[in-house]
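*Asks:* Shown below is the structure under consideration.
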Amino acid sequence: MTPLTRLDDAVQPSAPPAWPSTGDPVVCLRGAAARVGGRTLWRDVDLSVAAGEFVAVLGPNGVGKSTLVKTILGLQPAAAGEVRVLGGRPGRANHRIGYLPQRRGFDATLRIRGVDVVRLGLDGDRWGIPLPGSARFARRRRAAEARVAEVIDLVGATGYAHRPIGQLSGGEQQRLLIAQALVRRPALLLLDEPLDSLDLPNQGAVAALLGHVAHAEGVSVMIVAHDVNPLLAYLDGVVYLAHGAAVTGTPDEVINGPALSRLYGSPVEVLCTSDGRLVVVGAPEPPAVHADRHADRPSGARDGSR
Amino acid sequence: MVPGEPGPSWNPIIDLQLLWSFPFMVNAFRAGTIVAVLAGLIGWFMVLRRQSFAGHTVAVAGFPGAAGATLLGVAPVFGYFGFCLAAAAVIAALPRGRDAGYREESAVTGTVNAFALACGYLFIALYKGFLGGVNALLFGNFLGITDDDVLALLAVAVVALAVLAAVGRPLLFASVDPDVAAARGVPVRALSVVFLMLLGAAVAEASQITGTLLVFALLVMPAATAQRLTARPVASLALTVLIGIVATWLGLGIAYFSPYPIGFCVTTVAFAGYLLAHAARAGRFGLPRPRLAGGAT
Ligand SMILES: Nc1ncnc2c1ncn2[C@@H]1O[C@H](COP(=O)(O)OP(=O)(O)OP(=O)(O)O)[C@@H](O)[C@H]1O
Ligand SMILES: [Mg+2]
């Protein structure tokens with residue numbers, strides 16, 4: 001792993017959030033740092049995401065993107081600085097957060113339907129079994145089933161939601177998991193590489209859906225991605241992690257040659273293709289925006305979240 | 001086979017009436033039914049969680065438990081529950097990989113497994129007159145189940161099922177999707193310990209009917225068959241219980257009229273059901289049809 005290089009001018013701890021935030025931030029990091037296994041992954045990260053904002057977390061493999069998501073969930077304590085989520089300490093309001101971990105799909109022999117997995121997102125954390133027969137039970141069940149059907153329809157998974165999830169393709173599973181994250185009408189969505197294993201048209205469709213969820217329904221959305229291009233049209237902000245630090249700002253402020261060169265400490269160019277796609281070239285670690293996933297892993301390193 | 005009895009009439013009602021005219025058979029059916037329900041439901045989660053190896057190891061630990069109890073002159077029941085729960089606790093205490101969760105049972109489980117079998121052999125060797133009982137410990141026995149035994153099985157089963165009902169939904173969540181469940185505040189690690197304890201209790205009960213080596217007849221086969229037939233959790237659980245009860249009753253009937261141990265009979269019936277379920281699914285979803293040879297020579 002690369003040694004830590006502090007950024008003196010690119011990120012100042014007191015710098016105001018780079019995209020406009022109105023009202024109370026849903027997620028707020030001040031001078032935050034993350035340590036795992038005795039190694040500091042990033043430090044002095046400032047970030048503020050307000051309701052209804054759509055923010056992408058970018059950066060090369062192993063830089064700590066998933067760790068950032070886990071820090072916001074309270075699964076990983078911050079080593080320094082302050083982290084506040086939905087007005088409290090991380091982990092306090094996780095029932096209002098929809099989370100999609102980075103993963104490689106379900107066991108092919110898992111005999112549970114897609115709808116059941118989505119349903120678990122709705123009430124899987126409830127103890128006890130409801131007593132069937134009562135009117136309240138029937139009403140609850142109808143409401144739950146309607147909500148599950150609605151959200152499955154929203155992600156366009158109705159056609160295969162009743163098949164065992166282990167038999168679905170990676171992209172189909174991914175859509176159902178997005179539905180699972182959405183089903184409780186969360187105030188904050190944390191999606192770790194949801195576009196992973198989707199083809200290009202589906203990446204565009206999911207990006208549009210998430211943009212709609214953020215801007216029309218007022219849900220704050222943070223999405224870890226390796227390719228920013230499908231998201232560009234909808235993003236309010238970008239967090240770019242590299243070399244133990246982060247740049248935050250609007251996509252234009254962050255994904256440009258000078259900003260990324262400062263972050264990496266070496267010349268980096270951002271090319272814009274004729275159709276408006278961005279390509280980062282010259283990043284010292286393997287392709288950052290267009291990533292060749294996991295090709296650069298040291299053999300001992302393990303993936304942060306399965 | 002109970003010697004001196006007539007063979008089956010092949011009329012299920014008459015045969016059941018005959019079997020139920022003996023108090024010891026009534027108790028065998030009662031005990032078998034309780035065990036089939038408990039083992040089926042716990043086994044359903046075990047299959048879903050891919051913890052069959054842990055279940056097998058817990059069962060094998062019941063063997064030295066029962067043998068040791070006999071050696072000490074204590075009722076084997078205490079040996080089964082003591083050793084099965086202890087083995088479950090050992091497995092629960094094993095350190096596991098960061099994200100491996102329950103999917104990777106460690107080599108330590110295998111070590112416990114082998115050591116338990118060796119201890120069982122030792123206890124039997126020490127208790128010279130006991131050798132005739134080895135078959136019963138390993139392959140099951142339905143004779144001599146007393147009313148008290150049935151009550152003890154029922155009490156444990158009621159407690160275990162009450163716990164399962166209380167934790168069932170979060171346990172399903174944690175089994176299917178541990179990362180998301182943990183983020184939601186479901187105590188995934190604690191649930192896995194609770195589940196192993198339930199598994200220990202279910203295995204200790206099942207061992208007393210099917211023998212320690214054949215607990216999977218009631219623990220795995222009904223669940224695996226039901227999960228093959230349907231992917232709806234509630235239907236699948238109900239079907240598991242039904243298959244477990246049918247296999248136990250048929251197994252008891254066969255064991256009564258045949259010289260084979262009960263564990264063997266239940267296993268054979270359950271396995272036949274599993275094969276049928278496979279065949280039914282293969283038929284429904286169309287195996288590649290054998291191509292017709294056409295009219296050519
Ligand atoms: N619990 C842990 N113990 C030790 N090291 C860890 C732990 N969790 C993560 N790491 C290490 O921290 C680093 C960052 O992990 P993280 O999963 O956050 O990276 P990432 O940016 O999400 O990478 P990717 O793009 O590959 O998903 C990796 O080098 C990983 O090996
Ligand atoms: Mg990651």
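Heads up, the Cβ atoms here are built off N, Cα and C, so glycines get one too.
Pasting the relevant annotations from TrEMBL:
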type	residues	note
TRANSMEM	B:20-46	transmembrane segment
TRANSMEM	B:77-95	transmembrane segment
TRANSMEM	B:150-174	transmembrane segment
TRANSMEM	B:209-227	transmembrane segment
TRANSMEM	B:234-254	transmembrane segment
TRANSMEM	B:260-280	transmembrane segment
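Mind running through what each feature is packed against?
*Replies:* Through the fold, the transmembrane segment (B:20-46) approaches residues 52, 54-55, 142-147, 149-150, 153-154, 156-157, 160-161, 164, 171-172, 175, 195, 198-199, 201-203, 205-206, 208-209, 215, 218-220, 222-223, 226-227, 236-237, 240-241, 243-245, 247-249, 251-252, 256, 262 of its own chain, all at least 6 residues removed from its boundaries and within a Cβ separation under 8 Å.
Taking Cβ pairs closer than 8 Å, the transmembrane segment (B:150-174) reaches residues 27, 30-31, 34-35, 37-38, 41-42, 45, 48, 77, 81, 180-182, 184, 186-188, 191-192, 194-195, 198, 201-202, 204-205, 208, 233 in its own chain, all 6 or more past its ends.
Taking Cβ pairs closer than 8 Å, the transmembrane segment (B:234-254) reaches residues 8, 15-16, 19, 25, 28-29, 32-33, 35-37, 39-41, 43-44, 142, 209, 217-218, 221-223, 225-227, 260, 262, 265-270, 273 in its own chain, all 6 or more past its ends.
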